[in-house]
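Presented below is the structure to which this report refers.
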Amino acid sequence: MNPNPKFRLQGIMLASLVFIADQIVKYIMLGPLQLQSRGVIHIISFFDLRYAENRGVSMSFLTADSDAERWALVALTLAIAGGVAVWMWREKQRGDMLALSLVLGGALGNIVDRVRYGYVVDYADLHFGNFRPFYIFNMADAAITIGVLILLARAFLMRERETVQEPASSAEIVERL
């Protein structure tokens, strides 16, 4: 069974939507809201807009402190995004295709930041008092995380479904004896 062209189009559209929305929100944070100079904008008791520059990947892992490290990280993340795009192109399951689209759109949004600024712009600070269950993140990070969680859930649930065997018929039981 070949991938459905309609699913591919939906995937490309979703990845594009995530990418564009991420870039618009980052523009608003840096432009009209001037979050970089304001530092923090309190929204509600458990959520603030807080400017952060992430020079690494998730949780500042693989921090790129030099230009060479920055461009190596750009190359690595571009290669990963390329792999996700190929996987998305070949994917036959609509749910997996859409999850991969979230990952791809988010990855491209963060890659553009890294190329443009040398770091990824983060701004979403979810907290409960002083407890922060997450590092400061952005829309692209959220899309990547949601996409990966969907892929993992679908892989686990699909595998579970495949391993469930139909009960043996009485004729099969007799044959086994």
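Using N, Cα and C of the backbone, Cβ positions are placed for all residues, glycine too.
Annotated features in TrEMBL:
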type	residues	note
ACT_SITE	D122	active site
ACT_SITE	D141	active site
TRANSMEM	12-30	transmembrane segment
TRANSMEM	71-90	transmembrane segment
TRANSMEM	97-115	transmembrane segment
TRANSMEM	135-157	transmembrane segment
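Each residue contributes its Cα atom, and for D141 (active site) and D122 (active site) those atoms are 9 Å apart.
Spatially close to D122 (active site) yet at least six residues away along the chain are Y51, A52, E53, N54, Y135, I136, F137, N138, D141, judged by Cβ distances under 8 angstroms. Under DSSP, D141 (active site) is assigned to a helix (H, G or I) in the three-state scheme.
Taking the Cβ of D141 (active site) as centre and 10 Å as the limit, one finds 23 other Cβ atoms among all the protein chains shown.
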